[in-house]
Every structure is written in structure tokens, then in C-alpha cells.
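Undergrad: Per TrEMBL, the features are:
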ACT_SITE  SER142  active site, charge relay system
ACT_SITE  ASP277  active site, charge relay system
ACT_SITE  HIS308  active site, charge relay system
DOMAIN    62-314  domain 'AB hydrolase-1'
Amino acid sequence: MRCLKTSPSILLKCHLSEFILNQVGRDILTKNKTNRLGKILSFCSDIFLIGKCLPVLLDDITMVICPGIGNHSEKHYIRTFVDYAQKDGYRCAVLNHLGALPNIELTSPRMFTYGCTWEFAAMVGYIKRAYPETQLIVVGFSLGGNIVCKFLGENRTNQERVLCCVSVCQGYSALRAQETFLQWDQFRRFYNFLMADNMKKIILSHRHSLFGGSSVKTIDTELSRLYTATSLMQIDDSIMRKFHGHSSLKEYYEKESCVHYIHNVNVPLLLVNSADDPLVHDSLLTIPRTLSAKKQNVIFALTLHGGHLGFFEGAVLFPQPLTWMDKVIVGYANAICQWKKQKPPRKQQKQEK
């Protein structure tokens, strides 16, 4: 485990300014050259092509990116990161979580869940077919970190052509996290309420697609539970777990958490968390600590400050648009790419031994 002290604190531990800044946005957003997929595919993603800038690495490398809960490629933190990665020569493919884009209708009674990897797997498969020579760098933010680590650990073939993986601010186990989400330290219960409210809006915006095939009585019951829910756990229990037929909330959280799969990841893996993250309780960090102690390919980087996907640098009210998080991910990716270039082929390694 590496404990870093470089990421500055913004206001108090609750990071209210972090929440505001993520809502208002950052000032360096550019019009990225984008190709949106999804009209005839089972997923929706945006591919950000490399611009006129000369790639640093001069290789065909694609970052496959999974955003946080209910997020998509149009979110400010994603666009800022993509812009920065493009300037270093990376093609970027961003998964738009099923149901998250406000202007894209669902075509089946299902939306994204905590750990379903189907859409991410479909996007990765498309990238591999469309760019047969490309190598992949996998990046996941928050809930997206859980999905990408679970995806890589589910099947060894999912790690083919993957150079490395970076996960930022994920919680590793929804089952362990549910107890902490009802606690008030660092305003966790309040954040839980805000995320539940956002999930309500997403579900209600697709109510006809999600509940259209059900009876009127069933729809009324489901919507009544949804309207009165004040936590993510209540929504997960009444709505989300049923998309994949889980019999209980416990089963849903067990099956969809990466904690049961992450030990199967053998590519270089960087796990980044913040000690003052209002959503990820310190008790959950025993998972990456233990993993990094057992596996040489895993680095667990814990910052003292950074909040949840904050990591802002600069003045409190006027922070720099580019965050410490953006720089670390691209810096780590660059280092892995250079290491892979200089690393002798396997046959040569065996001969040297």
C-alpha cells in the first residue's frame, strides 16, 4: 500500500465544494471528436478519436472507460479526463450506462446495475474488432471501478490485450458498504439520499420501458416503493435486483461486487482511494490493502484527501480544471506503456533465465 499526501483538501472533510464543482463543471471542456455507437448495438458508448496532436507513445492504445453511477460520456469529469488522455495520444471509448443518457430511450426492460458487466464487455469486444491492433487500458470511476475489476476477473480471456487497469474511488463490496451508507459520519447518509434521488429520476424517466409489460397493480406497487425510498438500498431491493432475477438484496450485492473476482486480475492494477471519501468507509479499504499485500501486480494508493472523485488542486473556490486524479491515471498509463515497450519478449526472458 502507498499512502500519498499530495492531493490537497478542499474545504472540510465533507467536501461540499467538490460536490458543487462537479455539478457546475470545469472550464477546459473542449469539443472532442466523437463517434457515438449504440443505435444498432446492445450498448451505447462514445469513442473519442485522437486529434491532430502527436501521440506521445506512437502506438495504437485505447482507453476503455467506465463512469460512475448513473454517469455517461457527457459528464464534466469524464470529458475533462478524456481531453487530457487524448492529448497524450490515447483513443478513448466511454461507456454510457444503460439508461443514463437523458436523450436515449431504453429498448428493453433493463438498465445498468451495480456490477453488471454485459454492456462494458460489449463495448470492449467492439473496440477489439474495430481496432484489431489496439491494446487496452481499462479505467473505472467509482461504480465503474467495480464493474471493470469484476469484468477482468470474471474470465481470464477478458484480460487479453489489456496493458493495465486503474480503478478510482470504488467501494469493492456493496454488501459491506450497505451498513456504512446509513451512518452520518462525513455526511454519508446525506450523500446516500442524494444518489437515491438521482436514481429515482433515471428510473422514472424510463418507467414505460421498465414497467410497460407489468400489470397495473404491479406497476403501482413498484412506483409506490420507489417514491418513498430514501436510500439506494431501498431502490436496489425493490427495483434493481429484479433486473437479473436476484432473490434478495444480499444475493444481489454478493453477485455484483468485484471483491469475489478482483483476485483473478493479473494485469498491472492500480487501485486509488481517498481516506476522506464520504462514500467509501475506511472498513472497506481492507480489501485493497490485503490484495496489494498478496499480489505483486497490484498497487493500492491511498491519499489523505481527495473526497469522492474530487482530487482538486489549486484555490478552494477556483481550483484547476485538471485534477490530480486525471494526471495520475494518464501518468500511470504512460509508465506501463513504456515498461511494456522495454520489456523483452517472453521467449527472450526464458532464454536469459
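Positions of Cβ are set from backbone N, Cα and C atoms, glycine also.
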Undergrad: What whole-number Å value do you get for the CA-CA distance of SER142 (active site, charge relay system) and HIS308 (active site, charge relay system)?
TA: 8
Undergrad: Helix, strand or coil: which one is SER142 (active site, charge relay system) in, per DSSP?
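TA: For SER142 (active site, charge relay system) - judged by DSSP and reduced to three states - the answer is coil.
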Undergrad: For ASP277 (active site, charge relay system), what residues in its own chain, 6 or more apart in sequence, show a Cβ-Cβ distance under 8 Å?
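TA: CYS169, GLN186, GLY306, GLY307, HIS308 - these are the non-local Cβ neighbours of ASP277 (active site, charge relay system), listed in sequence order.
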Undergrad: Using a 10 Å cut-off, grab the number of neighbouring Cβ atoms around the Cβ of HIS308 (active site, charge relay system), all chains included.
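TA: So the number of other Cβ atoms within 10 Å of HIS308 (active site, charge relay system) is 24.
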